[in-house]
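Asks: The structure's right below; bear with me while I get my questions together.
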C-alpha cells in the first residue's frame, strides 16, 4: 500500500505544534544562571567524593570540582529557594569542621540583573542565528517553497528540542542555549544537502535522488546521534560533575531525532510536491 507523502509530511508539523503548546503550558525550568541564586566556593582535598557530598546537600543544588595550581576547589550553586544555611550545615558535617573559614569559604549572589540579561542576550543570539541562516538559505536556492521548507524544518527541530527540555526538566542555561545554536547548523546541513540534490541534479528520477540523499543524510545524523549518546553515557556514569556537557548532549539528541523526521518526512514531502506537482502546473 502506497502511503500519501502529504500525510507523512504533516506528522512532524503536528509534533512541532504539540511541542510548542506543551512549552507554553508547562514552561521551562531555569538554571541558576537564569533564575539567580547563590554560589559557594570552598577548598577541598584532591580525593573528595563529589557524589557523596552532593547527596548530603539539599535537592536541586549544583556541585562541581575545579582544580588549579593553587589547589582543588568545590563550587556549589543553589537557587533562590534553597536555604544556604542547610548547605553550610552539610559542609561542616561532611568535612568535619566547626568553622567553614577553614575551607576558605566564600559566598556570592547571582542577581536578577544577570538573569534578565541572559534571557535578552541568549534568545537574541538564537534569533539572529536563525535569521542569518534563513537569508543564506534563500540566497542559495532563490525559490520560496524549497527555501521555506528548509527554514520550516530547522525551526521545527528547535521547537521540538525545546519541547523535550520542558518535558524532561532540562533547565535553560548558557549550555543549552549553545546547544540550540549548534542545532541550527546540524539541522540545516541535511536539509540543504537534500534540497540541492533534488533541485540541481538531473541524473536519476525524483525518487532515486531522494533515496540517495536519505542514505547520506541519515548516515550523517546517526553518526552524530551515536557520538552525542556516548557523550551522555560518559558524563552520566564516568564524569558526573560535567553536567553542562550532559545537558548539551541531550538537547542535541532531541534536535537530531526531530531532524530525522522533519527532513525526511516534511522537507522531502514538500520538495516532492514542488517538483512533481507545483512546477508542472506552470508556477
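Placement of Cβ uses the backbone N, Cα and C atoms for every residue, glycine included.
Unlike curated records, TrEMBL annotations are generated automatically.
Quantities reported herein were computed from a predicted structural model and do not represent experimental measurements.
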Asks: Choose the correct range: of 79-101, 148-170, which one does TrEMBL annotate as transmembrane segment? Give that range.
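Replies: Within the set 79-101, 148-170, TrEMBL attaches transmembrane segment to 148-170.
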Asks: Looking at the ranges 51-75, 251-275, which is given as transmembrane segment in TrEMBL?
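Replies: Here TrEMBL associates transmembrane segment with the stretch 251-275.
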Asks: Looking at the transmembrane segment (7-25) and the transmembrane segment (217-239), are there 3+ C-beta pairs under 8 A, with each pair at least 6 apart in sequence?
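Replies: No, these stretches are not in contact.
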Asks: Among 122-141, 176-196, 217-239, 251-275, which stretch has the highest count of C-beta pairs below 8 Å with the transmembrane segment (148-170)?
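Replies: The listed stretch sharing the most Cβ pairs with the transmembrane segment (148-170) is 251-275.
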Asks: Which of 122-141, 217-239, 251-275 shares the most C-beta pairs under 8 angstroms with the transmembrane segment (176-196)?
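Replies: Between the candidates 122-141, 217-239, 251-275, the best contact partner of the transmembrane segment (176-196) is 251-275.
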